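What TrEMBL records for this protein:
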- ASP29, GLU216: Mg(2+) binding site (BINDING)
- ASP29: active site (ACT_SITE)
- 30-34, ARG42, HIS46, 74-76, TRP78, ARG80, ARG197, 203-205: substrate binding site (BINDING)
- ASN77: active site, proton acceptor (ACT_SITE)
Amino acid sequence: MTLNSSLPKQLPSDLDVQRLPKHVAVIMDGNGRWAKQRGLPRIVGHRRGVDTLKSLLRCCKDWGVQALTAYAFSTENWGRPLDEVEFLMMLFERVLRRELQEMIDEGVQIHFVGDLEALPLTLQTEIQRAMTATKDNHTIKFIVATNYGGRREIIQACRNIASKVQHNQINLDDIDESLFERHLYTAGIIDPDLLIRTSGEMRVSNFLLWQMAYAELYVTKTLWPDFDRDEFHQALKDFQDRHRRFGKVN
Ligand code: IPE
Ligand code: IPE
Ligand code: MG
C-alpha cells in the first residue's frame, strides 16, 4: 500500500473547519458482504478494508480531524470461524509492522484499546512497539479497538475502582464521571463526536458504550471496503448540519 498523495489535501470548501468533529469513530462493517458479492473469500474483504482505513486516516489527517478510532475486532468476534480469526490476527500484525515507519514519519500517535492481553503474543509485541514508537507524535491520534468490548471495558474499570476503594486509596465519594473515565481504556482521549457505521446496520455492537453518550450517529449502506473520501465528506457534511443540544433547549 502506498500513500495516495495525489488526492486533494485541503478541506472541501463546503465544510467548515470550525464545525469538524474532533474525534471520529468508525464501525468498519461489511467486509464479508463486500467479498461475498464478488464471489471472493471473506478475508479478501478484510484485506481491502485495511486500504480503506489507511485512506480514511490519511483523510482525517489532511482535513484536520484530531482523532480517529476504528473498531477492528470485538470481544464477540472470537466466535467467528477459526480460520477467519487467525487471518485477522495475522493481518493486524502484518499491517502494523508494514505501516509503522510511515506512521512515525506522518506524526501519527497510535493507541490500542481493548483487552490486549488476550491477543497473540507476537501481536502484543507489535502493538507495544508501535505505541512506544509513536507516543510523542502529535499530528493525529489513531486508536484501534482490538478485542474491544464496551461492557468488558466498563467492568474492568469497576474492578479497578473497587480495588482502590478496598485498599483505601480512594473513597466512595471520589467516584464520579471524571474518575470513572480515567479508568477506561480510553483514559485521556476525548469522546467521539461522530460515529460512522458502514453497511447499513443500525446498532452499536458493544462499541464505546460509555464514550458514545452524545456522539452523533451516521449510518451508510456503503460497505466498508467502498467507503471513500466522498463518503466521508458526505458524513462530515451531515454532521455539520446537525444541531447538537446535549439535553438543553435552544
Ligand atoms: C467487519 O466486517 C470486520 C470485522 C468485524 C473484523 P464483517 O466481517 O463483519 O463483514 P460482514 O458484516 O460479515 O459483511
Ligand atoms: C462490529 O461488527 C465489530 C467490528 C466492526 C470489529 P460485527 O459485524 O461484528 O457486528 P454485528 O455482529 O453485525 O453486530
Ligand atoms: Mg459485520
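Cβ coordinates are placed from backbone N, Cα and C, and glycine is handled just like the others.
Taking a C-beta cut-off of under 8 Å and a sequence gap of six or more, GLY30 (substrate binding site) has these contacts in its own chain: GLY45, THR198, SER199, GLY200, THR222, LEU223, TRP224, PRO225. Listed binding-site residues: TRP34, TRP78. The one with the lowest count of other Cβ atoms within 10 Å of its Cβ is TRP78. Of the candidate binding-site residues, TRP78, ARG197, VAL204, the one lying closest to ASP29 (Mg(2+) binding site) when CA atoms are compared is ARG197. Across the fold, the C-alpha of GLU216 (Mg(2+) binding site) and the C-alpha of TRP78 (substrate binding site) stand 28 Å from each other. In the three-state DSSP classification, ASP29 (Mg(2+) binding site) falls within coil. Counting neighbouring Cβ atoms within 10 Å of each of the binding-site residues (ASP29, GLU216), the lowest count belongs to GLU216. With a cut-off of 6 Å between Cβ and the nearest atom of ligand 3, the binding-site residues ASP29, THR75, ARG197, GLU216 reduce to ASP29. Candidate binding-site residues: ASP29, GLY30, GLY32, TRP78, GLU216. Those with a Cβ under 6 Å from ligand 1, in sequence order, are ASP29, GLY30, GLY32. When the Cα atoms are compared, GLY32 (substrate binding site) and the residue listed as 'active site, proton acceptor' turn out to be 13 Å apart. When the neighbouring Cβ atoms lying within 10 Å are counted for each of the binding-site residues (HIS46, VAL204), the highest count belongs to HIS46. A 10 Å cutoff on Cβ-Cβ distances gives ASN77 (active site, proton acceptor) a total of 17 other Cβ atoms nearby, all chains included. Taking GLY30, GLY32, TRP34, TRP78, VAL204, GLU216 as the candidate binding-site residues, the subset whose CB lies under 6 angstroms from any atom of ligand 2 is empty.
The Cβ neighbour count for THR75 (substrate binding site), using a 10 Å radius and every protein chain shown, is 18. Each residue contributes its Cα atom, and for ARG197 (substrate binding site) and ASN77 (active site, proton acceptor) those atoms are 17 Å apart.
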